[in-house]
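Just below is one structure, and these are the notes that go with it.
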């Protein structure tokens, strides 16, 4: 009985509060208004917090993208000799820049070259990163932090410097490898020619990128709770079985992430072939699609077709990377429901 | 890797934004006080030459903003001009002038530089007027082409200096017989300027006008003769096919694996850095000729000083450009500090050029001979899309050089791409 009494007591005490409704007519009329202001303020707050990000996004992402789209739909038209004032004007081009870009055999050839390059880079780099991460995570490893740093360090070397460094090692006349092979009387392959060029370029990317991906995977490995291993060991799992059955499935999300990053980086490959280009006859100025964009914009001075090609490259990157993410997500969701 | 490239680019863009911010505020304050002129140039030591001007002309202060040479400076200047932010003065290569004029970047300074014409050779002057009455720039330096060879190795292999291209081919073959691992020289596809100069020597005029139309003649008889000549030397393996300006090329020059170089008057500077161990072992001779006894040469490189339409002090800028390229003191400083070969006739011999380049102590009359060779410089004919022709050259000729397959189809590709680009942009094109 006793617990009921306070309840019954509070209920009537609430009545007078309700009965005090005529108060708005009095001096406390500001009360509901204040509550409304607080409510509106609370509703406004998230937008205020979002504002800096939204402004930055608009200014430095949406606006430039919009401008690039605008440029891609226009072109310069010249009259006569194109000399003197007013000889050049910008006109509406419709989709002609896009049809030109899509029907350009050089862009298609560039895309094919990048595909071949990616087929080497992505599996080799991620495979190595995974193997290194698993090895570092294994029990009884000595010099773990040194090894981790040593593998990661090439990532800190800027891409252009790395390409220059490797370029010197590839050039037959200055390469120490070629010197040693020559002294031994062995044939030395020209790495800057034909199919070997893909391996040479891929090697630079693998050398620079493996460390970064390894760290991502390794961090995920460290986050696996120890109980899981304990249980596995109690069940008599060997180290190899733990790696294959527990570690790899549990770091699958990081593998998806690193794959995602690697695909984007591959589609955007630019600095390595650009740096190697002057060293050899085998790298044309339009080796990769992004190099073609650069060539169009800054050498041929045609920003309109460059913008169109850039939009095409961006669209393909988006479709490929988000398409892959979708597939990966639906897979994991299926796994969860099971 | 690319996310890093993007980060670096963003950082550079931000830095550039900060810099332009500073620059524009400087321009504003300049309007009230003495005129301040911005000068985009890449010649080394230009700031020291400009310091002489600033000392004598406190009312017109010139500020040099160092640039990288090459095609992207043209694009950069055009972009800046579109934004109304072009510098007052810009160093521009001869072949870039039609492109810059076509994009309405340069000011006509014919009124301000009257009387400067007599200081320059007609073939040079015609390149800054584009054949009309306007004057778009003042010639700064020129690059008459010459033949450089290792006199010690020529003697060792019993070779004589070729005076005709036929002899040049025979010399290449003779060297291959005596020393199969050596090459007389290489055909490089990474600098179209060299090929353009060789074509000029043979009499090619790639861009000419017919009324209101451009006539492109890249695939003409003269150029085809040059392309066939080099293409067949590469095909038969008489010369190398690897590009210039690579570490491998430097080594080949330094160790005597390549014993000659078809180059221009500025070659001593390049050789000093590329082949430092060979000082005193090189000699310079006139370019081999197509007709025995002729004295023709082409130009490789060379640049001008142009005033932009955006400049608020065109008269002062033109005055500075005239001083820089015709005043004896300025020209002497240009030779000394920037190592250029001045375009002004009076400065091409004597004065700062009375002594041979440091790298050529064995040829004391280097610049006297150079001045004589420069007399035979064939006129150049540039058009509004040299950049397109040059970039097509690089891709088409490097492929042909790599395959050692002859250059005729590469030359046709270069011609057709150039004509197609003109058509696409809407230029009048004569058949």
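Cβ from N, Cα, C; glycine included.
A TrEMBL annotation is a machine prediction, not a hand-curated record.
Between the stretches A:80-102, A:149-171, TrEMBL puts its transmembrane segment entry on A:149-171. Looking at the stretches A:114-137, A:282-305, the one that TrEMBL records under the feature transmembrane segment is A:114-137. The stretch from A:47-69, A:114-137, A:149-171, A:306-328 that makes the most Cβ contacts under 8 Å with the transmembrane segment (A:250-270) is A:114-137. If one looks beyond the transmembrane segment (A:306-328) by at least 6 residues along the same chain, the residues whose Cβ comes under 8 Å of a Cβ in the stretch are 68-69, 71-72, 97-98, 100-102, 107, 111, 256, 259-260, 263-264, 267-268, 289-290, 292-294, 296-297.
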